[in-house]
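S.K.: My questions all concern the structure below.
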């Protein structure tokens with residue numbers, strides 16, 4: 001699905017124009033209300049700076065948290081406006097509401113090259129309902145629409161989908177374009193062999209991804225808590241490990257489907273067990289067919305790491321979504337860290353490595369290897385849905401290229 005990008009609009013199209021840019025500024029805040037990680041703000045800078053270079057009037061729209069359609073003082077975008085001002089080296093004017101007379105007057109007072117940040121769109125109940133009247137009023141502030149919020153592209157909300165009915169052109173920003181290029185590209189035209197590493201604690205949250213990837217991949221590597229559902233489905237004893245009893249048949253069916261399609265489907269051969277779920281639990285290494293009663297698996301073992309590394313050696317594209325174990329606990333982070341290091345090495349050899357959002361991004365950043373990967377996705381749910389082959393409303397609403 002090829003969409004029109006901001007790069008198709010020159011200064012002659014944008015000079016003096018009011019441009020509504022949907023960004024993803026849903027950043028983590030500390031106890032004092034300070035921003036603890038500004039990655040998402042920095043990710044929007046190429047789009048914002050390009051618009052400023054083309055003398056546009058930039059009106060930013062973003063959500064923060066889940067205020068459920070009413071004003072919540074702890075979810076205002078004040079800290080974001082301040083940080084963005086520092087990054088841009090110019091004052092970003094913030095409105096008190098995203099619509100209404102005050103917002104309109106601040107937008108009307110803009111000159112070319114000015115930036116206004118509209119207050120949290122989710123303070124208005126019409127945002128998540130994709131209310132037409134709200135979308136129309138939001139759109140009335142601008143003339144052109146740019147969506148650079150890949151992290152919210154799987155939502156059909158007023159600011160991601162509704163406004164496109166009232167503005168033209170509607171194009172993808174540079175972050176959105178990059179996300180689609182890598183994630184869509186990896187699925188539609190990968191350099192093969194293509195491997196997917198799927199981790200995380202639950203099969204249920206990754207069913208769609210696994211089903212879709214079995215149709216596209218040469219190899220699938222499974223790690224994280226979900227492996228125990230596969231083991232139990234094979235008739236193995238898993239001790240106190242996490243199992244989704246209602247997904248046993250599905251686990252068997254996924255393995256069977258992979259086999260029928262000639263896809264290499266790899267599960268760990270050994271695991272690190274713990275006697276309870278805590279960072280300082282007693283631990284021991286065990287083969288997967290010899291898991292002790294009363295113990296639970298919290299990481300993949302060293303033999304499994306080697307197995308996975310060998311499987312990945314010849315791959316030209318690797319997508320990773322979900323950790324190999326409870327990487328938040330130092331004792332059970334080895335498997336996840338080893339995979340992160342392996343992918344960094346593969347990247348250096350020319351393999352396209354894509355970290356598909358969520359916890360794997362946190363794991364790669366914790367290991368200090370983010371810069372070594374080909375692409376780190378900024379979307380959690382959006383990345384998953386794209387990998388599942390779903391159409392993202394925020395993307396489909398944009399003009400075709």
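In case you wondered, yes, glycine gets a Cβ from its N, Cα and C as well.
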S.K.: So Swiss-Prot lists 24, 25, 26, 63, 64, 65, 66, 122, 155 for substrate; which of 40, 42, 83 goes with them?
M.R.: 40
S.K.: How far is it from residue 328 (ATP binding site) to residue 63 (substrate binding site), counting Cα to Cα, in Å?
M.R.: 27
S.K.: Do you know which of the binding-site residues 63, 206 has the most other C-beta atoms within 10 angstroms of its C-beta?
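M.R.: Buried the deepest by this measure is 63.
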S.K.: Pick the one among the binding-site residues 65, 297, 358 whose Cβ has the fewest other Cβ atoms within 10 Å in this structure.
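M.R.: Checked 65, 297, 358; of these binding-site residues, fewest Cβ neighbours within 10 Å: 65.
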S.K.: Near residue 359 (ATP binding site), which residues of its own chain have a C-beta under 8 A away, given they sit six or more steps off in sequence?
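M.R.: Once residues fewer than 6 apart are set aside, residue 359 (ATP binding site) is near 199, 200, 322, 323, 327.
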S.K.: Compared by Cα position, which of the binding-site residues 206, 297, 358, 360 is the closest one to residue 26 (substrate binding site)?
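M.R.: Looking at Cα distances from residue 26 (substrate binding site), the smallest one goes to 358.
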